[in-house]
Amino acid sequence: MKKRRGFVQLAILHLLQEESMHGYQIMKKLEKRSEGLYNASAGTIYPALQELLDKGMIILQEDLDKKVYHLNENGEKRLQEFAEKEEKDFWLEWKERQFWRNSKEADQIKQAIKQWDFELKRTIRLIRSEPERTDQLITFIEETTKRLKKDFS
């Protein structure tokens, strides 16, 4: 599971544990659970539902004109595994994540990462023509990684 989609998948499993529902209901419930901070799109929800179907965690029942998704035993098992690892209430964690994603601080970090990514790619292009500097870049990246671990662990 991709990390981001994986958390959406967990949210879907939690919702389906409460009741079976169709995709649009899932989108609306996720928005409500985040108090409007998360606006689920069909482009996120339906691929996540398909992945859950492919993994055998949910089943699909076509009722009249709607596709209704149901949690199955494998989905229940996945929720149990998650609950055993996590101490926080899932929906509290969901809201906190959505709040963070919409925060000024998260935007600042995204911008800094974008700049870092640009500079790293520029440096790698430079090293293609100066391969003797490869060790210098590797050392820099390793030192930066160690510092992140030390300062933020």
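Glycine too: its Cβ is placed from the backbone N, Cα and C atoms.
Record features, source TrEMBL:
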type	residues	note
DOMAIN	12-81	domain 'Transcription regulator PadR N-terminal'
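Here the domain 'Transcription regulator PadR N-terminal' (12-81) returns a mean pLDDT of 94 for the predicted model. Residue counts for the domain 'Transcription regulator PadR N-terminal' (12-81) under DSSP, helix first, then strand, then coil, are 40 helix, 14 strand, 16 coil.
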